[in-house]
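Participant: Here it is: the structure, laid out below.
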Amino acid sequence: MPKTPQAIRGTQDIFGPDAEAFAFVVDTFERVRKLYRFRRVEMPVFEKTEVFARSIGETTDIVSKEMYSFDDRGGESLTLRPEFTAGIARAYLSNGWQQHAPLKVATHGPLFRYERPQKGRYRQFHQIDAEIIGAAEPQGDVELLAMADQLLKELGIEGVTLHLNTLGDGDSREAWRAALVEHFRAVKDELSEDSQERLEKNPLRILDSKDRRDQCFVADAPKIDQFLSDNARAFFDAVTSGLDAAGVKWTRAESLVRGLDYYRHTAFEFIPDEGSEAAGRLGSQSTILGGGRYDGLMESLGGAPTPAVGWAAGIERLAMLVGDKGEPLADVIVVVENDELIDRAIAAIGKIRAAGHSAELMASGSPRKRFDKAVKAGAEKIVAFAIRDGAEHVRIKADEHATGSLEKLLD
Ligand code: ATP
Ligand code: MG
């Protein structure tokens with residue numbers, strides 16, 4: 001016998017309750033993004049490699065070691081998207097979507113990163129994503145975060161808090177960066193190998209380090225607040241007071257930097273509270289939603305300076321927190337007790353579905369047992385077609401009201 005091929009490491013075949021939870025996350029996101037008037041966009045799964053390399057930054061983990069890049073048959077380097085934002089920014093510039101600014105868009109779908117697979121971390125994973133492009137005001141950040149907060153509530157997820165930081169504007173960020181380099185250079189030999197490397201290339205990332213050797217030096221590293229310009233401080237104050245007005249709970253996280261180079265001002269993550277049930281379910285892969293303001297990104301793609309803010313959340317991680325959604329029962333089961341009546345039943349089930357009721361046909365296995373099988377399957381309404389004394393006999397098992405409307409429907 002030929003051997004069955006294995007799935008690719010880090011991919012998932014999602015089925016059963018997991019697939020229901022996944023769909024629940026996507027459906028809820030679709031509903032909530034409409035409440036906030038975000039427009040749907042569909043994006044290519046692959047782009048020219050430079051789209052990601054230039055916008056995300058060569059020194060990031062994503063670009064330096066996680067991208068699925070390949071040459072196509074024409075010899076062009078392409079990359080399976082590791083995130084949505086860069087592709088959306090490229091589309092904004094190449095389609096002239098400036099005319100719609102401020103543009104609020106939402107999308108979801110698969111992303112690809114070459115990472116070490118583990119619980120909550122895959123090589124093909126899925127995100128929901130929301131972006132506001134061409135909005136310089138802090139209200140954009142507030143609206144985006146209020147949407148994220150409402151989404152988590154509507155998903156029934158509890159024990160998750162918004163961790164919020166500011167990276168300041170370009171000048172504040174540069175001054176902070178210089179102070180961080182000085183701070184960490186003094187203890188360079190005691191840092192992890194990764195952080196020693198980051199020191200020259202991307203020192204902010206040391207704050208993001210999960211390595212224990214780095215953590216005590218991170219704790220007493222200089223904080224952004226000392227370096228904030230008046231503008232940057234006013235911007236952050238407007239974001240936090242807007243969040244308070246919107247009733248979104250948040251906590252300040254002075255070391256939160258986010259992995260990507262393009263962030264300015266607001267940076268945030270939604271993280272389960274320590275000791276909460278959500279934290280237990282997610283294990284070490286704890287961040288479920290992250291994002292921030294990326295005012296510098298469009299320029300890295302050759303566009304005009306364009307203020308923008310966005311977030312993305314892992315659908316799998318959200319699905320792990322929404323719990324068992326169960327498989328929905330059929331509204332109606334149509335039972336064929338005599339096989340000659342199959343076409344009658346097919347016609348009837350068509351009418352039932354057209355009227356908006358979910359319906360399942362029960363027409364296989366022993367004809368005598370089909371009705372009992374339908375009862376066991378838990379359907380509230382059953383329509384059974386049988387032949388009794390040589391004549392067609394339709395039996396409806398439902399409450400009085402439903403029986404009446406089914407009779408009318410099938411008449
Ligand atoms: P992490 O620190 O967990 O690697 P990240 O900062 O790389 O996350 P982002 O690029 O901000 O993640 O993506 C936003 C969200 O997408 C994450 O919070 C997480 O929920 C999800 N996510 C990211 N990478 C993966 C992955 N490999 N598998 C599953 N979900 C992922
Ligand atoms: Mg990552």
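We count from 1, first residue shown onward.
Note: Cβ is positioned from N, Cα and C throughout, glycine not excepted.
Relevant sequence annotations retrieved from TrEMBL are reproduced here:
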BINDING   E83, F84, T85, R113, Q127, E131, R258, Y262, Y263  L-histidine binding site
DOMAIN    1-322  domain 'Aminoacyl-transfer RNA synthetases class-II family profile'
Participant: With H, G and I counted as helix, E and B as strand and the rest as coil, say where DSSP puts Q127 (L-histidine binding site).
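Facilitator: In the DSSP reduction, Q127 (L-histidine binding site) maps to strand.
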Participant: Could you check which of the binding-site residues T85, Q127, Y263 have their CB within less than 6 A of ligand 1?
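Facilitator: Only Q127 meet the Cβ criterion.
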Participant: Over the domain 'Aminoacyl-transfer RNA synthetases class-II family profile' (1-322), work out the mean pLDDT and round it to an integer.
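Facilitator: For the domain 'Aminoacyl-transfer RNA synthetases class-II family profile' (1-322), the model's average pLDDT rounds to 94.
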Participant: Through the lens of DSSP with three states only, how would you label T85 (L-histidine binding site)?
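Facilitator: Helix, per DSSP.
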Participant: Show which residues of the chain containing Q127 (L-histidine binding site), separated from it by at least 6 in sequence, have their CB under 8 Å from its CB.
Facilitator: E83, F84, H108, G109, L111, A312, A313, G314, I315
Participant: When a 10 Å sphere is centred on the Cβ of Y263 (L-histidine binding site), how many other Cβ atoms does it contain?
Facilitator: 24
